[in-house]
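Inspection log for the structure reproduced underneath, given as structure tokens.
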Ligand code: SF4
């Protein structure tokens, strides 16, 4: 079996080239051809010696992921479904904005964390993606978009968020080399501030990421107390909020930004009451006596039938945001993008054969875990607006 060169960061590629008796600068040339020019074929690499190209043909390949489908939203969002074999498929989503182009990348086929409000979590877990499978999403999307958006071959993707399918920090060994490919000036040259890893709170791996490859960090918070977070994000039972916030403060010592982004999915009657906002303020401003430097990103929930949950009414989201803002916390409400192609946050489901029965476990717990609190009729009228 030949080596897939998408599996290597530059160090790995240099080591591979050394096994072929080639010097490091050859690895750099090769890396540029693959990631900056999108080459798929060694015969394209005109500045490599013919003898090296012949060697590579026999020992290596550049193999992306087969595209099963592509959907384009009216708002410009593009979602790809990639085949990762064995009946599993993962999704990547491109979100264009005026000043940036963001690619949301998957790290696992399914997810074992099983968050209650997450479509991927309900699918269960199949397997970790390899470095090459993570990188392939960016490699394909960047070069597809360059060819199709007609910007004269300029770079299109300026930001990557590891917020697709999977918990990236539960696939740490594959994630870090993939991040290095994204950051490398000979690769995609993205700044650390523009590459974000989103985690549900795998505390030991947050510490390792801070040491190994500090990029921007987003933490899926979703609840202001352990009792509720245990139900929404099962990993909280292992790493409760106090430990998670301590880890956030340790991470900030390494982070390229001076704040952590806390993601908070707004669930109708579950975590969206004024009392929850006040608890959240107490948590992020008082934890450990000094709080955590953070921004809050409120995410309108994207309902899917199996969740049994509903989106908070827009008025309630705004009221929640105001309580946080009035307390001095920078708070944003995420615009939903790609709703018409199920590409919005939490809707990425791919097609995963659950090999761990996570999906079954969630389905069994679904009806008894959460009891929405009563709220007034006015709020109901604005639901889904
Ligand atoms: S929100 Fe993230 S960690 Fe939770 S189940 Fe979904 S993909 Fe996994």
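Backbone N, Cα and C atoms are what each Cβ position is placed from, and that goes for glycine too.
Summarising the environment of residue 91 (active site, proton acceptor), the number of other Cβ atoms within 10 Å of its Cβ, over all protein chains shown, is 25. Taken from TrEMBL, the feature active site, proton acceptor applies to 91.
TrEMBL lists 345 with the feature active site, S-methylcysteine intermediate.
Its own atom aside, the Cβ of residue 118 ([4Fe-4S] cluster binding site) has 28 Cβ atoms within 10 angstroms in the protein chains shown. Look at TrEMBL and you will find 111, 115, 118 tagged as [4Fe-4S] cluster binding site.
Note: residue 221 (S-adenosyl-L-methionine binding site) has non-local neighbours 229, 262, 263, 264, 280, i.e. same-chain residues 6+ apart with C-beta under 8 A of its own C-beta. Annotated S-adenosyl-L-methionine binding site per TrEMBL: 166, 167, 198, 220, 221, 222, 302, in sequence order.
The domain 'Radical SAM core' feature in TrEMBL is assigned to 97-340.
For ligand 1, the binding-site residues lying close by, meaning a CB under 6 A from one of its atoms, are 115, 167; the full candidate list was 115, 167, 221, 222. Per Cα geometry, 302 is the residue among the recorded positions 91, 198, 220, 222, 302 nearest to residue 118 ([4Fe-4S] cluster binding site). Among the binding-site residues 111, 115, the residue whose Cβ has the fewest other Cβ atoms within 10 Å is 115. When pLDDT values are averaged over the domain 'Radical SAM core' (97-340), the model yields 95.
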